[in-house]
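Taken from Swiss-Prot as is:
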type: BINDING; residues: 46, 193; note: substrate binding site
type: BINDING; residues: 121, 166; note: ATP binding site
């Protein structure tokens, strides 16, 4: 359930502060990620050059590391950037498809062993792979992975990170406390890049607060609420994407709280 003590005003603070997010991006979704970061009021940097690492890290308020289209060049860039960023900047890891490709999983484990990430954001099969949990899901998208709360908690404790496990019900945990997002939009699961966008939006929120817990919850609920509202004004995936970016770009704290009040369930209990 949504708790009153969560600092929902972070939405307005992102727009006021305009944090810079350095994205080591999935090239399939790089434009969507840049647009999403911009829509919430932050400024995206989409650098691909290792030689720029020091300068880009100095400019950035937070970093999002995405393994979606990892290759040798990007692996070098990621390590170079992380060496420059640690421990100065908040870091988000998006371990795309580590459950499907052993080499990706090996690389993700090496990053997690060598660097500390404030947040790990992935679907159930990806998070399960990081902790070697048994699951029957294959491919990039998660299927019906059992014990998702337990898997997320295990991952959070192992890597001393907050885990945002996204899916039918989004789970956020620090290994002790668990928050389950009350909102879900089916189109978010159909839209390529929804997770990538969320990872970088979380980074945007980390760029303006040291409260990682609130940043993860507010960013995740914001994206879900925008998805639900987009459903109301769209007829298919194409028009939904337009409405989704519109909702992201106009939603502020007041609008989100009004959305809670309009909902059929009492989300604020």
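Placed from the backbone N, Cα and C atoms, the Cβ positions cover glycine too.
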Item to check | Residue pair residue 193 (substrate binding site), residue 121 (ATP binding site) - Cα distance, angstrom, rounded | outcome: 13
Item to check | Tertiary neighbours of residue 121 (ATP binding site) (same chain, Cβ under 8 Å, six or more apart) | outcome: 92, 93, 94, 163, 164, 166, 195, 198, 199, 202
Checklist entry - What is the number of other Cβ atoms found within 10 Å of the Cβ of residue 193 (substrate binding site)? => result 19
Item to check | Other CB atoms, at most 10 A from the CB of residue 46 (substrate binding site) | outcome: 17
